[in-house]
Amino acid sequence: MSKEHTLSQNISRVNFKELQQIIKMGLVQGNLIPAFAGAWLAVVMTNHSFLSSIPQILLMLLGSTLIMGGACALNNYYDQDIDRIMPSKQNRPTVNNRITDQNLLLLSFGMMLVGEICLFLLNIPSGVLGLMGIVGYVSYYSIWSKRHTTWNTVIGSFPGAVPPLIGWVAIEGQISLTAIALFLVVFCWQPIHFYALAIKRKDEYALANIPMLPSVKGFKRTRVSMFIWLIILLPVPLLLINLGVVFVVLATLLNLGWIALGLTTFKKNSDQTKWATQMFIYSLNYLVIFFVLAVIVSLLTLI
């Protein structure tokens, strides 16, 4: 059996786990939480019928999943050269030739096309926001800023914060102050989250010549930046006062807990990675708790 035939067989047998890696399903799932919360809050706060809104919510979630997965697949296509250098990326199907470039591009553009159709079927603003997210993530982040500036994480935070806007607009048809507040939560959250991850992988990024802030400016500078974003995030819950004082207080306590963790002192440089890991884990829990809390509190207003 020829080497080419064996490779062809491998490519045709990409399993579900590998497909999840290609479309970065973990990242997609994380972004679906604020997308759903945006749609749910639009239903509750603008007095839409929940039952009649279910088809819209499901179509929004499907469309969002497809455009995010497609954009991530395209990111994997473009990043193959640096992924081959970074040890943590060696199991990606794009690195070990489990999928051809042609099939990867077909998957990517196919998902994004169908996803955009879903969003435009909802309304034009949802489709436009989806396009903005795709263009921002693929071009401004993946192709340009990721490889050229330490501001890459902040630049990537703009398209990364689009999901709650799509969720809200899918129901209401236009952006409101509440939708902007949800956008700001995700926008401010991302630098803290990804800087923590970058601290853990700073040597890998340096090896691949990717100008992540910890690799270029060092730990202290990155920690200061994370603290600045924590301070910016602190008053954002006040914009969601429509959810009630209880929500604002709980969300603020959640922010203060993160700030307290960020101010943790340590004696050894080896503790930097441990601190970054703790900040990273808190960030994962933060996003879930914040938006689940918003949904629960909004439910209480219906009682």
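Glycine too: its Cβ is placed from the backbone N, Cα and C atoms.
Here is what Swiss-Prot says about this protein:
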- 25-45: transmembrane segment (TRANSMEM)
- 54-74: transmembrane segment (TRANSMEM)
- 104-124: transmembrane segment (TRANSMEM)
- 125-145: transmembrane segment (TRANSMEM)
- 151-171: transmembrane segment (TRANSMEM)
- 179-199: transmembrane segment (TRANSMEM)
- 227-247: transmembrane segment (TRANSMEM)
- 248-268: transmembrane segment (TRANSMEM)
- 280-300: transmembrane segment (TRANSMEM)
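When the stretches 151-171, 179-199, 248-268 are ranked by Cβ pairs under 8 Å to the transmembrane segment (54-74), first place goes to 151-171. Count of Cβ pairs under 8 Å against the transmembrane segment (179-199): among 104-124, 125-145, 151-171, 248-268, 280-300, the largest is for 151-171. Same-chain residues lying 6 or more positions outside the transmembrane segment (151-171) and placing a CB less than 8 Å from one of its CB atoms are 31-32, 34-43, 46, 48, 53, 56-57, 59-60, 63-64, 68, 119, 122-123, 125-126, 129-130, 132-137, 140-141, 145, 178-179, 182-188, 190-191, 194-195, 198, 210-213.
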